[in-house]
Amino acid sequence: MAAAGQDNSFRDGKVDINADFPENGTNNGASIQDVDLLDEEDDRKPLASPGRSPNKAIEDDKSRSRSRKPFHYPTNRRTSEELDSHSTLATYNRYRYYSRLAPPDDHRMRIPDHIVPATLFYPPMFVDQSGKQGSLITIFSIWNTMMGTSLLSMPWALGQAGFVLGLVIMVVMAGLTLYTCYRVIKSVEGVDQEGEVLEFSDVCRHYLGRWGEGCSVFFSLSALLGAMIVYWVLMTNFLYNVVSFAYENINAPGNETSASTEVLCPLNSSYTPDNGNLSGMFHMATPGDDDTFHHVWERVKTVPFFLVILVFPLLNFKSPTFFTKFNALGTMSVVYLVVFVSVKASQWGIHLDFSHTGKDVDVTVASVYFPILTGTLSLAFFIHNAAVSICRNQKHPENNGRDLTIAYICVMVTYVIVGAVFYASFPKDKDCIEDNLLNNFSNTDTLAFVARVFLLFQMWTVFPLLFYIFRLQFMHTLFGSTYPSLVHVIVLNLVLVGVCVIFARFLPHIGTIIRFSGAFCGLAYIFTLPCLVHLVRLKQAGRLTWPTGVVHGFIILLGLANFVGQFFFLNKT
Amino acid sequence: MKKKVLLMGKSGSGKTSMRSIIFANYIARDTRRLGATIDVEHSHVRFLGNLVLNLWDCGGQEAFMENYFASQRDNIFRNVEVLIYVFDVESRELEKDMHYYQSCLEAILQNSPDAKIFCLVHKMDLVQEDQRELIFREREEDLQRLSKPLDCTCFRTSIWDETLYKAWSSIVYQLIPNVEQLETNLRNFAEVIDADEVLLFERATFLVISHCQRKPHRDVHRFEKISNIIKQFKLSCSKLAASFQSMEVRNSAFAAFIDIFTSNTYVMVIMSDTSIPSAAMLINIKNARKHFEKLEGYNNAQMLLK
């Protein structure tokens, strides 16, 4: 038996079979050779010396070898069956051999990065990407992100479904969307590999193939587009009202009343078709003044285009980080709206008449128009595309489910406050409630005016952000780069702005836009994709059972019904 | 007069690393700083008994090297048994590379027209995996076309996967005279002793010349791994000026014997029947050795007569 060399010294200068350059012996880096020799050094005694049984020698060697070999060296019969492990072992074997041939600073024998097995690039301390985000921040982020423009439409949507039925539907929808959102987050955890930063669209690609990813991107973009259109319509509305008020104040000061508790019922107000003010405000200008200003400044006909001048310059920025600084405005506007609704409600008192005695405002308890509410809520409770990013940095990811639930409850409560309280206290016919609740207030109402200014400014700063995210996803999916060229970007911006303007001109009903885009996007993102991914995952793990399949299939059908249901009520603006 | 194996290629194409890995030599200092590699004088490497490895940088060096090369041309290309030409797949000067290759071929045609030509497209690990086959096929076509009337065999290689070992094993396989006869005898030997697998290695490089596998094995990389392990062991031995002779490895599942076989080869026998005592195995190997040496004697005689 050949005994391993135990001496550390480098004997050079002696000619042997394979040494080529006599001077090489001294030049070898001591560190690597030392490491290798250390292995053999422990075997001070030769493996089989006389008086020592071979078996004992083998046992001794085994126990020593188990303790000092690297983790993937198959000293014990671990069944690592994958082909991959054989080639990884082969790579390691080569690495060991080549490192002995050259000093460590010789680049020729150094293992290149692309050969090192990928798992070695992510030591455990980096895979664990738990951030410093506490539960409270996560809950707040979720709440903040979900609170959007659908807040303004809540009372109207609630009324469409009927008061009691509406509240029931709110709770049910909140629970349903919470469940699917939880599924979304859980599914990402299941796929998370090699420390890659994953989004739900990656999960869709993993389980459902390219079309799954394409679907998720497409529907995500459509939700974004819906939000942008709503923003545009609202911005035109607020801009119109604010400028009209300012103009009227300048022209006919002292004519206004402030803090009026008067509530408008725009459906009954006089409007002329060519003015296009379908649910418009009647302005207190005298007929004679109409011509120039109000001809130029029409809410539906011209203001959308004026808005382009204000907004378009902001859209061509490469990086929107500047706009993220205005994020706080969003929260403040929500808080302001809640306060606003509470103040108005306290001024009006409750006006609910369930028994139609005529003493008070009639209340519909349940109505066949409830899909309008479900469509609106689909957008109101939509956070599935951002949930993964928000929950990624949780300090304690095991609390994701709990935090998500709390956040959803908070959101639901906010919506209920704004929706139900406003609805309950609205002093006129409940059918008057507009899909933008601020439309029920004249532009001289101080609180409403403040709300309009506030929201206008907030939307003006958030709109470029929405635009940017849309552009990012769109460009990346189609062209592989986020800023392919200035031409691409400008063309996309023009197209998107064009779409917004067209909607603002011809269909400025945010209720319709919200419910259609909510149902459409929700069809895929809230109902179908999370359930499909979950079912595929269970199937792959072999844990798919009939009840689970039926329940999730039912959820998918609900999503489809939600979408189809929107088309039945096209006349309800 | 010893026959040569020429290892040629542009400077920096990976020849020195390749030689170091195959022959288990400590690698020379990075010679780019010092000039091209000229190591005809130092080559002690003997290969397949009677072949000597010469390394030459061909092309891409300064003018005085070019002159030296040109003046020594006939010397270099005389008595060549094998020409192994290394191409760097990442090279940006394909035209130049081909030009130098062709001039080497001319010299071969003049001085050693019977030499076998092998072309290695090296550093393939730097190419994306899904493009490797495509790029290699392109190069192979070009090289075979350019090499006419000589025949060249092409391989794609990288030191970081099994392709280098396989390419050199194929080259060695083609250099062994009567290799089929060797294989048949090896198979008989394996069946007689009822071994799981019997391998025949070339002595200097531990490249597998032939093997007889009687039981299936999962690991396709095992030959290269064994070769690398034994070469590392040889490196350790050489530090003591000791030379490696034989090795026995045993555990509860198998027994493996590695021993000198003929003057050019080592044998490795793997048995899963561990009840057979080592002494018996060693006697078997000793007897087989006599038989194979006779065989090799015939082969060498044949080669000398050529």
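Heads up, the Cβ atoms here are built off N, Cα and C, so glycines get one too.
TrEMBL labels come from automatic prediction, so no person has curated them.
Small disclaimer: the values here were computed from a predicted structure and weren't measured.
Marked as domain 'Amino acid transporter transmembrane' by TrEMBL: A:136-248 (among others).
Positions annotated as domain 'Amino acid transporter transmembrane' by TrEMBL: A:301-563 (among others).
According to TrEMBL, the feature region 'Disordered' maps to A:1-85.
Within its own chain, the transmembrane segment (A:163-182) has Cβ neighbours under 8 Å at 157, 352, 363-367, 370, 373-374, 377-378, 381-384, 387, 400-401, 404-405, 408-409, 411-412, 415-416, 419-420, 423-424, 522, 526-527, 530-531, 555, 558, counting only residues six or more beyond its boundaries. As annotated by TrEMBL, transmembrane segment applies to A:163-182 (among others).
What TrEMBL records for A:215-234 (among others) is transmembrane segment.
Only residues 6 or more beyond the boundaries of the transmembrane segment (A:302-319), in the same chain, are considered here, and those with a CB under 8 A from a CB of the stretch are 232, 235-236, 239-240, 296, 460, 463-464, 467-468, 483, 489-490, 493, 497, 500-501, 504-505. As annotated by TrEMBL, transmembrane segment applies to A:302-319 (among others).
Within the chain carrying the transmembrane segment (A:326-343), a Cβ under 8 angstroms from the stretch's Cβ atoms is held by residues 144, 147, 151-152, 414, 417-418, 421-422, 437, 447-448, 450-451, 454-455, 457-458, 461-462, all 6 or more beyond its ends. Feature annotation from TrEMBL assigns transmembrane segment to A:326-343 (among others).
Summarising the annotation, TrEMBL assigns transmembrane segment to A:363-383 (among others).
Summarising the annotation, TrEMBL assigns transmembrane segment to A:404-426 (among others).
Look at TrEMBL and you will find A:446-470 (among others) tagged as transmembrane segment.
Among the features that TrEMBL reports, transmembrane segment is placed at A:482-507 (among others).
Packing against the transmembrane segment (A:513-536) from elsewhere in the chain are residues 149-150, 153, 157, 176-177, 180-181, 183-184, 186-187, 200, 203-204, 207-208, 212, 215-216, 218-220, 222-223, 225-227, 229-230, 233, 371-372, 374-382, 384-385, 435, 503, 507, 544, 548-549, 552-553, 555-556, 558-560, 562-563, 565-566: each is 6 or more residues past its ends and has a CB under 8 Å from a CB in it. Here TrEMBL flags A:513-536 (among others) as transmembrane segment.
Residues annotated as transmembrane segment in TrEMBL: A:548-569 (among others). Long-range contacts of the transmembrane segment (A:548-569) within the same chain: residues 176, 180, 369, 371-372, 374-375, 378, 515-516, 519-520, 522-524, 526-528, 531-532, 534-535, 538, each at least 6 residues beyond the stretch ends and with a Cβ under 8 Å from a Cβ of the stretch.
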Next on the checklist: Need a quick answer: max count of Cβ pairs under 8 Å to the transmembrane segment (A:482-507), which of A:215-234, A:363-383, A:404-426 is it?
Outcome noted: A:215-234
Next on the checklist: Counting Cβ pairs closer than 8 Å, which of A:215-234, A:363-383, A:404-426 has the most of them with the transmembrane segment (A:446-470)?
Outcome noted: A:215-234
Item to check | DSSP residue counts for the domain 'Amino acid transporter transmembrane' (A:136-248), split into helix, strand and coil | outcome: 101 helix, 0 strand, 12 coil
